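Input: a single structure, listed below in structure tokens.
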Amino acid sequence: MDFLMSGLAACGACLFTNPLEVVKTRMQLQGELQAPGTYRRHYRNVFHAFITIGKVDGLAALQKGLAPALLYQFLMNGIRLGTYGLAEAGGCLHTAEGTLSPVRSAAAGALAGVMGAYLGSPIYMGMFRALIKIGQKHGLVGLWRGALGGLPRVIVGSSTQLCTFSSTKDLVTQREIFPPQSWKVALVAAMVSGIAVVLAMTPFDVVSTRLYNQPTDAQGKGLMYRGLLDALLQTARIEGIWGMYKGIGASYFRLGPHTILSLFFWDQLRTLYYMYTK
């Protein structure tokens, strides 16, 4: 049930935030490895990107990839949040005195994120027909192309997200800012977590998107980047430090609400489940 509730919470958030994922991805890919001011910017900001995509490609384009996104969210976050939830319920995240340990929380979040992201990586690359084509062309290993490059992003993001959420929730509860078991506790904790995760993840998110989207040779080897570090260095050298935060507005509008909604839904589903089963 922990894994099922986690997956359903992530899918519920995905329905609202998938258009933001489309906008974020397009903004991160524009001007790839081109010096600032030397290329045409198709999207000036998040709102202009929304309008442009809707006008040129149609409103349906804003929900492009929804099916694989839902499947990925259910699998990846079902495993990630479910694993973290089991560790939390088992008392693994607290000290002998019963207080939350930020170190244990961060470590559990990182480990849970790695498990979820690696197992869900093939779904991130495409749905069934695309998976078959990738498998035929590049073999089984090809289904995990870019997976290792994406792991640092997930380690940083998952660790930051879950540690911040748990720590803020614990702090708000101790200060008795809201009544016991109030949904506002989870909402405030999720909002704080949303800001922290965007600041921590955006550079890795930019690089991960580019690693997944780069062209490959006949052996499936990337033609633009040798790996994560090379992608980071090339982006920083050619596009500057702000190139690492390209699309951060779109990232926040996507990751912020997704973090808030998924963690809030996850917390409320668990609260209801334990309320009626104990």
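Note: Cβ is positioned from N, Cα and C throughout, glycine not excepted.
Lifted from TrEMBL, the feature list:
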{"type": "REPEAT", "residues": "1-90", "note": "repeat 'Solcar'"}
{"type": "REPEAT", "residues": "96-171", "note": "repeat 'Solcar'"}
{"type": "REPEAT", "residues": "181-272", "note": "repeat 'Solcar'"}
{"type": "TRANSMEM", "residues": "106-127", "note": "transmembrane segment"}
{"type": "TRANSMEM", "residues": "185-204", "note": "transmembrane segment"}
Within-chain partners of the transmembrane segment (185-204) [C-beta distance under 8 Å, separation at least 6 from its ends]: 150, 152-153, 156-157, 160-162, 164-166, 168-169, 172-173, 177-178, 232, 244-245, 247-248, 251-252, 255-257, 259-261, 263-264, 267-268
Within the repeat 'Solcar' (1-90), residues counted as helix, strand or coil by DSSP: 69 helix, 0 strand, 21 coil
Secondary structure composition of the repeat 'Solcar' (181-272) [DSSP: H/G/I, E/B, coil]: 73 helix, 2 strand, 17 coil
